[in-house]
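Engineer: From TrEMBL, for reference:
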SIGNAL    1-23  signal peptide
DOMAIN    46-348  domain 'Plant heme peroxidase family profile'
DISULFID  CYS56-CYS136  disulfide bond
SITE      ARG83  site 'Transition state stabilizer'
ACT_SITE  HIS87  active site, proton acceptor
BINDING   ASP88, VAL91, GLY93, ASP95, SER97, GLU109  Ca(2+) 1 binding site
DISULFID  CYS89-CYS94  disulfide bond
DISULFID  CYS142-CYS344  disulfide bond
BINDING   PRO184  substrate binding site
BINDING   HIS214  heme b binding site
BINDING   THR215, ASP266, ASP274  Ca(2+) 2 binding site
DISULFID  CYS221-CYS253  disulfide bond
Amino acid sequence: MALSNQHLLSLATFSLYISVSLAFFPGYTTHFMGSGFPNEAHPLTGLCPEYYQFTCPQADEIVISVLKEAISKDPRMAAPLLRLHFHDCFVQGCDASVLLDDSKYIVSEKNAVPNMNSLRGFEVIDQIKAQLEEACPNTISCADIIALAARGSTVLSGGPAWELPLGRKDSKTASLKGANANIPPPNSTIQNLITLFARQGLDQGDLAALSGSHTIGVARCVSFKQRLYNQNGDNKADQTLERSFYYSLARVCPRSGGDNNISPLDFTSPVKFDNYYYKSILVGRGLLNSDEVLLTGNEPFVVSLIKTYAEDEALFFDHFAKSMVKMGKINPLTGYNGEVRKNCRRVNGAF
Ligand code: HEM
Ligand SMILES: *[C@@H]1O[C@H](CO)[C@@H](O)[C@H](O)[C@H]1NC(C)=O
């Protein structure tokens, strides 16, 4: 039986209707309206929260269950999973390039200065991927897994949740050079931070809010040593370090050696996602130079946000959630660009 032109036309109209109504799903557009925080509605990225609604509705549940188990075994595991999303998105976009191992075709970002001996959580991502491949084969991209794990880790640490746009595809390339050039170093000046965030389309508000990730997790001595012993090439400590804090750090981090000794980024509540990070900065107890310069860099808008977040945790949570959504939309591969990797460590078809 042949379809009449009339039928074909209505079929075409119907599928057009479906795709349009999916792209402009009501819950998706209204969510971001009237927030007052600089974050435009974002239909242009092609990402949407309902992306796996029909192909893998249980995806987030699976992610959360793996995260819960990983974090119960190692309470420090939430932080590196949150950080992974940042280190992914800042290097050729949120495309899981950070997960690719060295191979004949890939120069892994894992060996970049900000990542080597520092990034963790890759095994947890592998576990999530394995369970998702079992439940919904060839469906959930590794880039979306990183985004889901970052949100889940935040929530499980007591932080905010957010509606998460999905539909990222995975890259077939990585960029070691990009990782070295685009991820800000811990001894960054405020100008340096603003510049590197602007390069990703992120503003001073995003910088102030996203730095709040340092409410959980740790840093190695090598990441803050310069502040203790040679802040300005004069063999002196950073004068903005509060004195007793300086002495406690010096015990963990000697002038020579001890590079891998760790200290919490928010020593008041190192595994709880809260606003103590900002309170610490106000009293000269930000661990990294990049933390303390948010205040001491005298950039008025950033300074005002740091002070506000220290007072108002709810506002910090709200801005953090919005900035995470914004960061998660940096240059994603969508549609027929990229692929859904079978194994997050390798490009499909490569061995
Ligand atoms: C503003 C610029 C930033 C700089 C300069 C910076 C730098 C660093 C450094 C040096 C460490 C410690 C690494 C080590 O010593 O091994 C660290 C840890 C961490 N960073 Fe950042 N970061 C920044 C922004 C962010 C953002 C935007 C996020 C997430 C959205 C984030 C999440 C984290 C987390 C959760 C940890 C703890 C990791 C762990 O415990 O393993 N950071 N960061
Ligand atoms: C940051 O550290 C790097 C590596 O140790 C060094 O080359 C650079 O000069 C430092 N930057 C600042 C602003 O101190």
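Note: Cβ is positioned from N, Cα and C throughout, glycine not excepted.
What does the local environment look like for each feature on the list?
Structural biologist: Sequence-distant neighbours of CYS56 (disulfide bond) (same chain, six or more apart, CB under 8 Å from its CB) are LEU132, ALA135, CYS136, THR139, ILE140, listed in sequence order.
In the three-state DSSP assignment, the secondary structure recorded for ARG83 (site 'Transition state stabilizer') is helix.
Taking Cβ-Cβ distances under 8 Å and a sequence gap of 6 or more within the same chain, the neighbours of HIS87 (active site, proton acceptor) are VAL98, GLU109, PRO114, ASN115, LEU119, ALA179, ILE183.
Around ASP95 (Ca(2+) 1 binding site), the C-beta neighbours below 8 angstroms that are at least 6 residues distant in the chain are ASP88, ALA143, ARG168, LYS169, ASP170, SER171, ASN331, PRO332, LEU333, GLY338.
CYS89 (disulfide bond) falls within a helical segment according to DSSP. Close to CYS89 (disulfide bond) in the fold, though at least 6 residues off in sequence, lie GLN200, MET327, GLY328, ILE330, ASN331, each with a CB less than 8 Å from its CB.
Mapped onto three states, the DSSP output places CYS344 (disulfide bond) in coil. Within its own chain, CYS344 (disulfide bond) has ALA96, LEU99, ILE125, ASP126, LYS129, CYS142, ILE145, ASP170 as residues 6 or more apart in sequence whose C-beta sits under 8 angstroms from its own.
Under the DSSP three-state reduction, PRO184 (substrate binding site) is assigned to coil, being neither helix nor strand. For PRO184 (substrate binding site), the same-chain residues lying six or more positions away in sequence with a CB closer than 8 A to its CB are ASN192, LEU193, LEU196, PHE197, SER290.
Its Cβ placed at the centre, HIS214 (heme b binding site) has 24 other Cβ atoms within 10 Å. DSSP classifies HIS214 (heme b binding site) as helix under the three-state reduction.
The DSSP secondary structure for ASP274 (Ca(2+) 2 binding site) is coil.
Its Cβ taken as reference, CYS253 (disulfide bond) is surrounded by 23 other Cβ atoms within 10 Å in the chains shown. The secondary structure of CYS253 (disulfide bond), as reduced to three states from DSSP, is coil rather than helix or strand.
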Engineer: Near the Cβ of CYS136 (disulfide bond), how many other Cβ atoms are there if near means within 10 Å?
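Structural biologist: Around the Cβ of CYS136 (disulfide bond), 16 other Cβ atoms lie within 10 Å.
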Engineer: Under 8 Å between C-beta atoms and at least six apart in sequence, can you list the same-chain neighbours of ASP266 (Ca(2+) 2 binding site), or say none if there are none?
Structural biologist: HIS214, THR215, ILE216, ASP274, TYR276, TYR277, SER280, LEU287
Engineer: So of VAL91, CYS94, CYS142, CYS221, which of the recorded positions has the fewest other Cβ atoms within 10 Å around its own Cβ?
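Structural biologist: Candidates: the recorded positions VAL91, CYS94, CYS142, CYS221. Fewest Cβ atoms within 10 Å: CYS221.
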Engineer: Of ARG83, HIS87, VAL91, GLU109, PRO184, THR215, which recorded positions come close to ligand 1, meaning Cβ under 6 Å from one of its atoms?
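Structural biologist: List returned for ligand 1: ARG83, PRO184.
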Engineer: Which are the residues of the chain, THR215, ASP266, ASP274 excluded, whose CB is within 8 A of where the CB atoms of the Ca(2+) 2 site average out, their centroid?
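Structural biologist: Sorted by sequence, the hits are GLY212, HIS214, ILE216, THR268, SER269, PRO270, LYS272, PHE273, ASN275, TYR276, TYR277.
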Engineer: Cβ within 8 Å of the Ca(2+) 1 site centroid (ASP88, VAL91, GLY93, ASP95, SER97, GLU109 excluded): which residues?
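Structural biologist: Filtered neighbour residues, in order: HIS87, CYS89, PHE90, GLN92, CYS94, ALA96, VAL98, SER171, ALA174, SER175, GLY178, ALA179.
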